[in-house]
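Here's the structure, in structure tokens; my notes come after.
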Amino acid sequence: MLQRFFATALAIFVVLLGGCSATSGLQAYVDSYDGYEFLYPRGWVQVQVEDPVDVVFHDIIETTENVSVVVNTVASTKSLEELGSPEEVGDRLLRNIIAPSESGRSSALIAATSQKADDKTYYILEYAVTLPGDGNTAQQRHNLSSIAVSRGKVYTLSVSAPEERWPKVEDQFKTIVSSFTVY
């Protein structure tokens, strides 16, 4: 009787502990054609997009929270390091893509780091973006991106949320970004 109680308690503990993993509540997205994969939250829905955006998922309740992957062909670039340091790539991304001067958006690079996984270099960028609007309607957003080069293409996975939601989603979004793999 006592053994059965401990066995049952242990089984319940293992099941509950498994739900506490960093990837709980996430599911895999695999694009074997373009050669990348990542985790995204269960219950998020895929949105129709146009090139160069390859895929977008967003929350069905907090629709402004999203994850996207952009794939661009790059002539003669064999490695991410050839594009510059993490800070240089981050500055160019913000200046030319995220918040070009004519867009009315502003941006600030918060952090830029480099990490290696499976012989690939990934630049991890954290940045803030202010969308246009007057003082009351301008929206502050918080973003994380992972950038990698593989097979003559630059892959950029980005997650984004309103700044006021960032503390709630930060850990999950960091897990999503770190799950991004190109091959």
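Including glycine, each Cβ sits where the backbone N, Cα and C put it.
Residues or ranges marked as Zn(2+) 1 binding site by Swiss-Prot on the basis of a large-scale study or a structure entry: Asp31, Asp34, Asp54, Glu164. Annotation source Swiss-Prot lists Zn(2+) 2 binding site at His58, Thr63, Glu87, Asp91, citing a large-scale study or a structure entry. Per Swiss-Prot, the feature Zn(2+) 3 binding site maps to His142, Glu163; the stated evidence is a large-scale study or a structure entry. If you look up Swiss-Prot, you'll see Cys20 marked as N-palmitoyl cysteine, on the strength of sequence analysis. The S-diacylglycerol cysteine annotation in Swiss-Prot covers Cys20, and the record cites sequence analysis as its basis. Feature annotation from Swiss-Prot assigns signal peptide to 1-19; the stated evidence is sequence analysis.
Sequence features annotated in Swiss-Prot and their locations in the structure.
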{"residue": "Asp31", "record": "Zn(2+) 1 binding site", "CB count, 10 Å": "15"}
{"residue": "Asp34", "record": "Zn(2+) 1 binding site", "CB count, 10 Å": "17"}
{"residue": "Asp54", "record": "Zn(2+) 1 binding site", "CB count, 10 Å": "18"}
{"residue": "His58", "record": "Zn(2+) 2 binding site", "CB count, 10 Å": "19"}
{"residue": "Thr63", "record": "Zn(2+) 2 binding site", "CB count, 10 Å": "11"}
{"residue": "Glu87", "record": "Zn(2+) 2 binding site", "CB count, 10 Å": "15"}
{"residue": "Asp91", "record": "Zn(2+) 2 binding site", "CB count, 10 Å": "17"}
{"residue": "His142", "record": "Zn(2+) 3 binding site", "CB count, 10 Å": "21"}
{"residue": "Glu163", "record": "Zn(2+) 3 binding site", "CB count, 10 Å": "13"}
{"residue": "Glu164", "record": "Zn(2+) 1 binding site", "CB count, 10 Å": "11"}
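Reported as a whole number, the C-alpha separation between Asp91 (Zn(2+) 2 binding site) and Asp31 (Zn(2+) 1 binding site) equals 28 Å.
For the recorded site, Asp31 (Zn(2+) 1 binding site), the DSSP three-state label reads strand. Comparing Cα positions, Glu164 (Zn(2+) 1 binding site) lies closest to His142 out of the binding-site residues His58, Thr63, Glu87, His142. Asp54 (Zn(2+) 1 binding site) sits 18 Å from Thr63 (Zn(2+) 2 binding site), taking the CA atoms of both as reference points.
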